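Participant: Heads up, here are the entries from Swiss-Prot:
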- Asp98, Gly209, Thr217, Glu219: Ca(2+) 1 binding site (BINDING)
- Gln180, Asp231, Val232, Asp234, Asp304: Ca(2+) 2 binding site (BINDING)
- Cys85-Cys138: disulfide bond (DISULFID)
- Cys168-Cys252: disulfide bond (DISULFID)
- Cys194-Cys247: disulfide bond (DISULFID)
- Cys199-Cys210: disulfide bond (DISULFID)
- Asn72: N-linked glycosylation site (CARBOHYD)
- Asn241: N-linked glycosylation site (CARBOHYD)
- Asn321: N-linked glycosylation site (CARBOHYD)
- 1-53: signal peptide (SIGNAL)
Amino acid sequence: MYSTECTILLIEIIFYFFAAVVVYDAIHKMANSPIFCIAVLAVVFAVSPKCFAQNYGINVPITGSLDVAVPNKTDDQIGLTSSLCIYYPNEAEIEINDNEWKNTVAQLLLTKGWPTTSVYLNGYADLQSFSNNPQLNCDYNIVLVKYDQNAGLDMSELAELLLYEWLCNEMDVNLYYYQQTSEANKWIAMGSDCTIKVCPLNTQTLGIGCQTTDVATFEQLTATEKLAIIDVVDGVNHKVNYTIATCTLKNCIRLNQRENVAIIQVGGPEIIDVSEDPMIVPKMIRATRINWKKWWQVFYTVVDYINTIIQAMSKRSRSLNTSTYFLRI
């Protein structure tokens, strides 16, 4: 069997042989016929300008990806074609105590290019209930979280929960052992009182440093928490124990970033820096902090910097809620 290079060489030899025969025959005819000679010269003069013309892409080499970002040159305002949801704790509405306060905020956002019909202000009772069913359905979603050092809910874990999409399934710890298979595989516990204990198992399903029949020997990972994202050693089976009546535990895979969600911490000595959590890959900047004074001051600050915040986000590509992508069963 001939190689590709050999085949190409044979084709070139045959081509040049026939070309030489044609040229020889043409020269012979031109010598005997002035009319044929004039016709050949006319064809050569007609074709030559095309041969030396500018090449606009026939042989342009492709050296990289064609999937490049094309900047938007229209400079359209985002607010004219997008919806904006701002989520706030109900205590803000109680403190403001003004029936028209939402309309006021909407009118102020109008000065920043957001039509009043595109802005939605949604309150939530507490972070526990909100984290269980966030309903982040706008093109851009901003969550205001008031700092509370006494809260059982870990706000950095709430940030990880909201800033990523998760694919989850319920865990039946009475029937099965569970293991985490990768860095993106976590267990998410939610409820009013989540105390999680585990017993790692060896290949013979015997406890490592614990007894599978004695919960008192299990390692305790959380204590009376409302939300916990649990990380254990990958590739090791675990027997899990928790109070089913006050907590739900789900086996989850962290998927893509929710780039249309941003979290603003209100008050507190330091910012929720979810990017510093070793569980978070890749790093992100959609979590920030503003000083706490009064809730009116908070909303004024949000309005003033709304477009700066939006620039760190991306418009949603699908609806995000518990029934679709947040905690999909």
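Keep in mind that glycine also has a Cβ here, set from the backbone N, Cα and C atoms.
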Participant: State which of the following recorded positions has the fewest other Cβ atoms within 10 Å around its Cβ: Gln180, Thr217, Asn241.
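Facilitator: Comparing Cβ neighbours within 10 Å for the recorded positions Gln180, Thr217, Asn241, Thr217 has the fewest.
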Participant: From the recorded positions Cys138, Cys199, Asp231, Cys247, pick the residue whose C-alpha lies nearest to the C-alpha of Glu219 (Ca(2+) 1 binding site).
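Facilitator: Of all the candidates listed, Cys199 is nearest in space.
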Participant: What is the total of other Cβ atoms whose distance to the Cβ of Asp304 (Ca(2+) 2 binding site) is within 10 Å?
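Facilitator: Other Cβ atoms found within 10 Å: 12.
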Participant: Got a sec? Which of these disulfide-bonded residues, Cys85, Cys199, Cys210, Cys247, has the most Cβ atoms within 10 Å?
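Facilitator: The residue with the most neighbouring Cβ atoms within 10 Å is Cys199.
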Participant: Using a Cβ cut-off under 8 Å and a sequence separation of 6 or more, which residues in the same chain sit near Cys194 (disulfide bond)?
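Facilitator: Correct list: Thr222, Thr224, Glu225, Lys226, Leu227, Ala228, Tyr242, Thr243, Thr246, Cys247, Leu249.
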Participant: Can you check what DSSP calls Cys138 (disulfide bond), collapsed to helix, strand or coil?
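Facilitator: Note: Cys138 (disulfide bond) is coil by DSSP, not helix or strand.
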Participant: Which chain-mates of Gly209 (Ca(2+) 1 binding site) that are at least 6 residues away have a CB under 8 A from its CB, listed by sequence?
Facilitator: Pro200, Thr217, Glu219
Participant: Quick check for the class: what is the C-alpha distance, in angstrom and rounded, between Cys252 (disulfide bond) and Asp231 (Ca(2+) 2 binding site)?
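Facilitator: Given the Cα positions, Cys252 (disulfide bond) is 11 Å from Asp231 (Ca(2+) 2 binding site).
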